[in-house]
Structures are given as structure tokens and as C-alpha cells.
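For reference, the structure is listed below as C-alpha cells.
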Amino acid sequence: MTGAQLTRTGILRMALGGGGPLAAAEGGGERRAPFLLRALRIAVVVCLYWFTSIAMVFLNKYLLDSPSLRLDAPLFVTFFQCALTAALCLGLSLGAACGPPCPGLPALRLDPKVSRSVLPLSVVFIGMVTSNNLCLKHVGVAFYNVGRSLTTVFNVLLSYLLLKQTTSLYALLACGVIIGGFWLGVDQEGAEGTLSWTGIFFGILASLCVSLNAIYTKKVLPVVDGSIWRLTFYNNVNACVLFFPLMMLLGEFRTLYHFDKLGSPSFWGVMTLGGVFGFAIGYVTGLQIKFTSPLTHNVSGTAKACAQTVLAVIYFEETKSFLWWTSNLMVLGGSFAYTWVKGLEMRRVQEDPNVKSSERNETGV
């Protein structure tokens, strides 16, 4: 922190607290307390994000591919989570309406006109959540992050094709490292006899849909007055409607009819828990960005992916080769490098008002 920042901070503290320069000089212990509280709050939020994200992945893996469960209905699992998310959004909105007003929780009602406007995004959203779950169904949790690691690459590609935004050389080099790590990971999975081309296909499709989802979200947000809560509600309601013909087409209703644990309370308990974690991940992601920054959130997500991979290898008692670990490190390192480069570029744009518009576009990827 610079001297100017320290001065402004001291003046602000004195203005709010009514103390003078002497009080500011003697209040070292009081100044440390807010810092410690902020640090503790950030640590709690980051831990909450890690716990929610990792728990959601392991729960979904159990629901999608557990030998003890034997439920071959991935669309139904995804449909249930979307239905629960829509119900939770509506329930929280009704609760906020009955209690003290909360600006973050607007009143929700289903408007067919808005629903139709959100529909293109909902189609991409269905592709994203379904391909994510199908990738997780066909690959191991340890390989899951590598299997769907091309999101950054698709961000760059789609930003150029759709938005005509260019990317710096350093960011492209980071993307090259990610692609190299992805292909090395695929090669090592094949060498170990655990490669699923179906899982790889859905991992690539999931990466593409995540990028498209970000682009369509920006376009559709004005329709719901910029409210993420409304968008989440409409997205999941539309998804529930669209999942019905898909489940019928793929025969999942017949699979559910013959499923022997359909009346088991423990099965529905795990399903509900998975849906709650799926709903909560959006909230804790927002919390992490709010209390840190988008750059720190991306770094935290990269570190979380590393921890998740290690936990999966330990939990499933897997043995991985040196090159397999190298592929993971390349993907994680490339993702971290890309995040860092884009953060530096955006900071340069903010600090230099004379940056050319083309350079501003370059940082918008």
C-alpha cells in the first residue's frame, strides 16, 4: 500500500471515528482488528467456496456413476437439480417478501414473454449443465478438470469470432500451455486404460457451452433488469420444461420406473443435497468475488481444482504417472498464467486513460 493510500485510509478512519491524529497514531491495535476480521472473513468465504464446489462434484459423481446406486439417468439428475434451484429461488423470494425488504432478492413471478426472451440462453444452459454432468459420468473426478479445461481457449476463440476482440501474445501462449496439458492428459489416460472418448467429447462440449453461456448471459441480462436471481429462476424453469421431452426421448422415464431405489429416503436425501450444493455454488461464487476480486476468484478456482484432483486420487486410491501429473500442472499453470496476464492487462487499461480502444478490446476477452 502506498503512502497516499495510507493517508486516505487514516483520514477516512478519523472522519468516521471522530478521532484526531493522536488517536490514529495510538490506535494500532484497533486498526489491526478490522484487518484481522477482513482476513478471517475472506478465509471463511474461500473455504466455503472450496467446500461447496468440491462436495458438489463428488456428490454428482456418486449420483451419476456409483456402482452401488446404478442409476443411468443423467438427465433426470440434472432436471431435479434445476427444479430444486428454481424452487429455492422462488422460496427465498417469497420469504424476503414476507420479511424485511432485501434488494438482492427481487419478487419473482413467471412472465411468459420474459421466459421466451431467456429461452436461447436456457438452451445453452441446458447444454452446459448436461455436458458437465455427462463428462463427470464418463471420466474420473481426478481427470474431470483436465477433461473440461478448454473453457479459456474457447473464450479466446469465441471472443475473436463473435466479438472481434483480439488477445495478447502472452495470453495466447498461456492457452497453448492449456491445450498441451489437455492433450498430454488425454494421452496419459489412454496409456493407463482409463480413457473415455465419450467423456472427452462431453468435456470439450462443456467447455464450449460455458463460454457461450457467459456471452449469452451478458446479452440476456437486460431482459431481467440485470438481476442474476431472476435470470437463474427463468433459466432453471425453462430448463425443467425442456428436459421433459429429452428424458422421454432417451427413455429415462422407463429407467426410473425400474430403478429399485426410487422410494428410498436416502436416495432422495442425496439428490436433494446435490441440488442444494448446485444452488449454493452460484451464491458462494458471488460471495468470493465480492469479498476478494474476479482475479482472486479465478486463482482460487485454479487452486481448488488442484486440491480436488489430489483429493480424488487419494479417495479413489488411484496411482498416476509422472506425465499424468505433468498434464494437470500444465492445465492449472496455463489457467493461472492466463488469469494473471489478463489481470495485468486490465490494470494497465484502468491506470492509463490514453490506451487505444483496440488495446481496450484486447483485455475484454
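Glycine is no exception: its Cβ is also placed from the backbone N, Cα and C atoms.
On the 0 to 100 pLDDT scale, the domain 'Sugar phosphate transporter' (41-338) averages 89 in the predicted structure. Positions annotated as domain 'Sugar phosphate transporter' by TrEMBL: 41-338.
The transmembrane segment annotation in TrEMBL covers 39-63 (among others). Within its own chain, the transmembrane segment (39-63) has Cβ neighbours under 8 Å at 69, 71, 77, 133, 136-137, 141, 144, 270-271, 273-274, 277-278, 280-281, 284-285, 287-288, 291-292, 300-301, 304, 307-308, 311-312, 315, counting only residues six or more beyond its boundaries.
Here TrEMBL flags 75-97 (among others) as transmembrane segment.
Feature annotation from TrEMBL assigns transmembrane segment to 118-136 (among others).
Note on the transmembrane segment (142-162): residues 57, 132, 135-136, 171-172, 174-175, 178-179, 181-182, 185, 189, 194, 199-200, 203-204, 206-208, 210-212, 214-215, 305, 308-309, 312-313, 316, 318, 320, 327-328, 331-332, 334-335, 338, 364-365 of its chain, located 6 or more positions outside it, place their CB under 8 angstroms from a CB of the stretch. TrEMBL lists 142-162 (among others) with the feature transmembrane segment.
Annotated transmembrane segment per TrEMBL: 169-186 (among others), in sequence order. Listed by sequence, the residues of this chain that lie at least six past the ends of the transmembrane segment (169-186) yet keep a Cβ under 8 A from its Cβ atoms are 143, 146-147, 149-150, 152-153, 156, 195, 200, 323-324, 326-335, 337-338, 341-342, 345, 365.
If you look up TrEMBL, you'll see 198-216 (among others) marked as transmembrane segment.
The feature transmembrane segment is assigned by TrEMBL to 228-247 (among others).
Taken from TrEMBL, the feature transmembrane segment applies to 267-287 (among others). For the transmembrane segment (267-287), the list of distant contacts is 45, 48-49, 52-53, 55-56, 59-60, 62-63, 69, 77, 80-81, 83-85, 88-89, 228, 232, 261, 297: same-chain residues at least six beyond its ends, Cβ to Cβ under 8 Å.
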In the same chain, who gets a Cβ under 8 Å from the transmembrane segment (118-136) while lying at least 6 residues past its ends?
57, 60-61, 64-65, 74-75, 77-78, 81-82, 144, 147-148, 198-199, 202-203, 205-206, 209-210, 212-213, 216-217, 219-220, 223-224, 231, 234-235, 238-239, 242-243
For the transmembrane segment (198-216), give me same-chain residues lying six or more residues beyond its boundaries with a C-beta closer than 8 angstroms to one of its C-beta atoms, as numbers and ranges.
120-121, 124-125, 127-128, 131-132, 134-135, 137-139, 143-144, 147-151, 153-155, 157-158, 162-163, 186
Checking distant contacts: for the transmembrane segment (228-247), what same-chain residues at least six beyond its ends satisfy Cβ-Cβ under 8 A?
73, 75-76, 78-79, 82-83, 85-86, 89-90, 93, 104-106, 108, 110, 114-115, 118-119, 121-123, 125-126, 129, 217, 220-221, 253, 282, 286
